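K.L.:
Take this structure, written in structure tokens, and hold onto it; I'll ask about it next.
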Amino acid sequence: MQESQTKSMFVSRALEKILADKEVKRPQHSQLRRACQVALDEIKAEIEKQRLGTAAPPKANFIEADKYFLPFELACQSKSPRVVSTSLDCLQKLIAYGHITGNAPDSGAPGKRLIDRIVETICSCFQGPQTDEGVQLQIIKALLTAVTSPHIEIHEGTILQTVRTCYNIYLASKNLINQTTAKATLTQMLNVIFTRMENQVLQEARELEKPIQSKPQSPVIQAAAVSPKFVRLKHSQAQSKPTTPEKTDLTNGEHARSDSGKVSTENGDAPRERGSSLSGTDDGAQEVVKDILEDVVTSAIKEAAEKHGLTEPERVLGELECQECAIPPGVDENSQTNGIADDRQSLSSADNLESDAQGHQVAARFSHVLQKDAFLVFRSLCKLSMKPLGEGPPDPKSHELRSKVVSLQLLLSVLQNAGPVFRTHEMFINAIKQYLCVALSKNGVSSVPDVFELSLAIFLTLLSNFKMHLKMQIEVFFKEIFLNILETSTSSFEHRWMVIQTLTRICADAQCVVDIYVNYDCDLNAANIFERLVNDLSKIAQGRSGHELGMTPLQELSLRKKGLECLVSILKCMVEWSKDLYVNPNHQTSLGQERLTDQEIGDGKGLDMARRCSVTSMESTVSSGTQTTVQDDPEQFEVIKQQKEIIEHGIELFNKKPKRGIQFLQEQGMLGTSVEDIAQFLHQEERLDSTQVGDFLGDSARFNKEVMYAYVDQLDFCEKEFVSALRTFLEGFRLPGEAQKIDRLMEKFAARYIECNQGQTLFASADTAYVLAYSIIMLTTDLHSPQVKNKMTKEQYIKMNRGINDSKDLPEEYLSSIYEEIEGKKIAMKETKELTIATKSTKQNVASEKQRRLLYNLEMEQMAKTAKALMEAVSHAKAPFTSATHLDHVRPMFKLVWTPLLAAYSIGLQNCDDTEVASLCLEGIRCAIRIACIFGMQLERDAYVQALARFSLLTASSSITEMKQKNIDTIKTLITVAHTDGNYLGNSWHEILKCISQLELAQLIGTGVKTRYLSGSGREREGSLKGHTLAGEEFMGLGLGNLVSGGVDKRQMASFQESVGETSSQSVVVAVDRIFTGSTRLDGNAIVDFVRWLCAVSMDELASPHHPRMFSLQKIVEISYYNMNRIRLQWSRIWHVIGDHFNKVGCNPNEDVAIFAVDSLRQLSMKFLEKGELANFRFQKDFLRPFEHIMKKNRSPTIRDMAIRCIAQMVNSQAANIRSGWKNIFAVFHQAASDHDGNIVELAFQTTCHIVTTIFQHHFPAAIDSFQDAVKCLSEFACNAAFPDTSMEAIRLIRFCGKYVSERPRVLQEYTSDDMNVAPGDRVWVRGWFPILFELSCIINRCKLDVRTRGLTVMFEIMKSYGHTFEKHWWQDLFRIVFRIFDNMKLPEQLSEKSEWMTTTCNHALYAICDVFTQFYEALNEVLLSDVFAQLQWCVKQDNEQLARSGTNCLENLVISNGEKFSPEVWDETCNCMLDIFKTTIPHVLLTWRPVGMEEDSSEKHLDVDLDRQSLSSIDKNPSERGQSQLSNPTDDSWKGRPYANQKLFASLLIKCVVQLELIQTIDNIVFYPATSKKEDAEHMVAAQQDTLDADIHIETEDQGMYKYMSSQHLFKLLDCLQESHSFSKAFNSNYEQRTVLWRAGFKGKSKPNLLKQETSSLACCLRILFRMYVDENRRDSWEEIQQRLLTVCSEALAYFITVNSESHREAWTSLLLLLLTKTLKINDEKFKAHASMYYPYLCEIMQFDLIPELRAVLRKFFLRIGVVYKIWIPEEPSQVPAALSPVW
């Protein structure tokens, strides 16, 4: 009831107000009066009925609505502004409060609803510019209410009409308030239209969700839930939630919906199904609509009033729509306009045409009429924005320009507020492609700044929200507009500025930047947008060709800054994109004990914060169901990029030389080899130069013809007009200039055309088509070439083609139509190609600003044509768009553009002093370094770091006095990079640390601390400038060269100090220090690089001969302290570098430097040793190695002394913690042991003595690994001949070490180390005894006699004392060491030294060896007897009589001492040994040697045979070296000139003779025991003298020698030796001639040589053995052989004796005859018979010689025995028989 009364009140008052108007009373308004009166009467009647309660509240019906609306319609049609205003106001309120819904059918127009008629009536109230301003405002209010009201629905044409009317009011109204209100209303309407469309989909999604949530899911519902439509709707809902507005937009991230728009969206979001109406209304709906209207109108009026008189008031709306392009305000729009009727009519007609023509088609594609509404409005706005501007300079107040601007602004608003449906629905995407993008291609090159600016803003929005669907359109916009404007030299500053402002936003979005690279640069068919963009920005940032652009220097600088800002943003995006790969060293630690402080964390976040604040990554836009997406595979894209580069290079080659390009592409596998493949390539690849394509196809070569045929055959001319076919044929290339080439092409074209159109009847043959095609080409040239003045007429053309159709004419109408078509449009290449070529060809230098503008306008026009053609070409195309997600894209991106980026930053830093430019360049370099670091791109990283270092001026050759603020900032940046990217810097640390080093020097010089660096050495006299040259050369690298070399005055110094003053600030000093303190947080590889380059810089600092600096050396010490707590693996790698550096520094020729190094080493070592060391680790060994190196290489006594003292201090204070370090300690002392400085030797020996005697007592297990080094060290002390007392004491300590090994074998056995291949049982030997004994042998071999004798004694004492603990195989090793003593004899040395060695050491050693062997025979005989025999043989064979005698003596002693333990095998070996010695020492040369050239003297045949009674052993023997074993040929001519050779030979022969004699004696002593034979001979003599043999009886039965232990075979071997020796000596003694020759040659001396002693002793020994065996019952089995041997030997001996002429010779044989006869007499009768019968004749002969009485007595006994045995004589009385004749058995 209340509602009805309210409505009645509105209507009544309005009608009464209309009737009351005096205008209504005029006659022409009679119908209006009647309608008003009728309506009032009905209202009164209705109210009366309601008051009386006679009827229920009436429901709205169609007839009633008609009655109510008719007076208002008539009122609106009246010409009275007041009446119209009143009517409109009432309608607006009725609609706003829901009193009119308009759902009733329109009685006057079937198929329409009343609301459509109402809206049409409201719109008709606007009659153009002359419409009353109040009426205009009421129209705007009414229409906004109609669109926004929740009570009514208007769609399609009606809603389009409301928008059009407001649009026209904005254009036509002269009132600023109305204009602003109309514009705001338009924005609000669009907001409502598109919001309702989005909310409708949300509503559907909610309705789909309700049954799913409330009921158990059936299979059908489940299928629906996962259907694409449902998923899309649900996704759309999620995307449009107001709770997630954080998404960053390319349009500066603001949300363009106005507050009023939000209100209307929230309160008007109850969409209904098609055609439905609301059954009820919200209580507050009317108030809400009222508020909206009041807000819109009030705010519009207020803003217009505030800005009255200012330019472009609609920019307020622009601000609401988030446009932020910093271009100065544009033009005034307050002027009056004309021609609105035309404009409105064109709008209406266009839109009506669209609505009528496409109504059903469009509606069929939309799921709701709201979507169609939005589509129609959007399309209309696009078409409005495409309307061309008038000719000439654009008028800011013209309808065309204002229409274009507002349409673009509204489009921008729509796009910025686009919801999920608009962003994903295929119809809207297609609308954007077909209408908006084409519109942008025209407006995007507009010369009007506002239009251009809006176009850019729209493009930004498209790029932000729609790039998934607009891949190819975005490419066109970039390639043909953005980049062309940047590249064109004639572009205006305003256009460049706006483009680069837009690029600033694009480049600040990481997702967008990476997407551009992935989708264009990595697409085979797309342009390299990213690469080209960066290159263009780089050129702008470098400020090239600035003066040619018509810009002021300030404008150029602004542009440079923006270019740099874009480049920096791109790198920031890359950093942001790859941030997950970055490890900040300041947020971790490599030391377990350390943690970051809050201050350090804060300090380290600089770059991170800057990076994070740059821009957040864009979210991926939602793709529609029809959009193709590609999987993001970085490796695949990289492969594509490589292929693309190959193709581009091939195209580049083709455009120079086609065949070469084709060949290259085929070689790379990018192009097939068949002609069809090549033809297809020519068709598809638009980047090919069209002229080159034409020339290639027209060439006469066979291959070219085949390609051309394939090219034409791939064209389809079916059912095409001839001219159209020809156009298609010629659009892909430019016709070549040669007529023959054209002829070939036309011939093939004609053939192909006829082939495709075989059913045609126009052409008689292909010849006709060929001639006609040729004539068309000629016609095109004639009509369209500016060179042709007189153009061909149609008649002339027809005449020219007479008779070409098989001698007949083609129809004139046909030829005429061809002429007209060609006249209207020439035949040319494809428009995109033609325009692109035209654009590129117009680039030229301009002479004036006017010329530049004209040329630029021409270029912009061509650009627009190209862009429009390309946009239209791709409007229906679909291209897959990849939304990049992988981090790995950044690496190839950066690799592609790092060089132009570096060029831009370098030139910016070098040429521009602007602080903002420098700041941008430095920030860019920082980001570039970060990227290069993260992806391990060493070349790129090093290049950027070197650039920073270069611009710091710290390493440049220019004077450091030129340092400016940018250079200071560069230094700070370099320090920051070191701090934040240290983990990745690698070799780049070199540049950074070099700069830090030079920075420290600059600080010192700048603060006056070290001005001596500028004036040479401080030792020079004052005022001298001689040092300048040196200092200048020294610090050229610092940039001090120019400052120094020219001398230093006060002004220069002041300037210098001022320039480097800031580098000495606390912040810089702290930052530098933080690099070193922060080294603990570098990872394991980075710290090694850091240390390596710090050491390299330190070496450079120390390289100065005059002023070495120790800054870096000090830092090395510091970081060693800081990093000492790292894990051992890392620390060992660090110390490997630092230790090597200390090696070099410790040997620095400058003593101060070396002292500092050694002292630093000491401090570090003490700290390191405090940590201790676990078993089997070797870190101490590595750490202390520099001391060892310094001792080895540095000969400075000061440094060596200091090193020894440092080690001594460590030993005294840290002995308990030292493990593997003992090796280095002993190595250092080993070096000191050989020093000539007594103090060094004494100090080292004292510490060594302390270690061995004291520390080993307590820490022996820890030092086992170095025990060998300790012994070696002592050995070195012992070998220092300059300090004999130390030598003896050292040997004593070695003996002392043996005590440790003996007492602690278990410790040695249990010790495990690197030599794990040593068996536990052998460790005592390998680590204990062997080193001791080996070093003693070294002492023996190296030292002088007293020391080596002591060493020899100690060595054998140790053997004898501890040998019982040795294993058998240890003895083998030991004797190899012992035998090394004799190895010294094998070296060529001085004769005197060798002789001394043989007679002392070797002699001593031989006897000692035999003693040890005897002592430990059981252990040694199996393993070492052969070696000992071999060694004895070697000694015997030496040319040293003493050694030879000692060898035989030792052999004798060895056998006598141990023979009773010998096995038969050992006796075999022993006998073989003696046999070998015998054979090798027989001096056969004595019998054969002859002096060369000496003739035999016959007088010498009868020589005096008197011999001296002295034995051969008394012959004068000269000391000799080991001589030759063989004599040279007697015929050698060199004998006369080489007497020394003879002496050497004779000495050797003498020694052999001595050895033979010694060996005979040795055999005798071994078999019968020493002195037994002599005693026996003496007894025989006595017996002979006494004429009795009784004394011999007891000797026969006592065998003290080895006889009883030797087998007969062993004895036979010895007998062979003896017999051979006897035979040789007998032969020599009998050869008087040879003896004379030798005597004359100097052999023997004064008397003739003889071997009488050898002759007799060998035979005597032989006889004794044989006779002993002959009577030995145990050898009965060998008696026969013995007897045979005995008979032979004795017979030969007696026979020889008879032949001897010399009395002295016979005298020497006396004892032999006594022995022979005496022994024979002692055998039994049976055996005696055999002997007597053999000897008898010889004995009879002997009787004739003058014999001594003893021999005659024995002969007498022998003959008496013969008589008895042979019974010649029988004694009468036994008592009378001589004792000799009594039987012995």
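Cβ from N, Cα, C; glycine included.
Model, not experiment: these values are computed from the prediction.
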K.L.:
If I go by Swiss-Prot, the feature region 'HUS' sits on one of 466-486, 508-528, 886-906, 1747-1767. Which?
P.N.:
508-528
K.L.:
Which one of S149, S227 gets the tag phosphoserine in Swiss-Prot?
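P.N.:
So the answer, going by Swiss-Prot, is S227.
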K.L.:
Tell me which residue from S349, S558, S1059 Swiss-Prot records as phosphoserine.
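P.N.:
Matching S349, S558, S1059 against Swiss-Prot annotations yields S349.
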K.L.:
Using a 10 Å radius around its CB, how many other CB atoms surround S700 (phosphoserine)?
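P.N.:
There are 10 such Cβ atoms around S700 (phosphoserine).
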K.L.:
How many helix, strand and coil residues does the domain 'SEC7' (654-785) contain under DSSP?
P.N.:
90 helix, 0 strand, 42 coil
K.L.:
Give me the mean pLDDT over the domain 'SEC7' (654-785), rounded to a whole number.
P.N.:
88
K.L.:
Using DSSP, how many residues in the region 'HUS' (508-528) fall into helix, strand and coil?
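P.N.:
The composition, in the requested order, is 12 helix, 0 strand, 9 coil.
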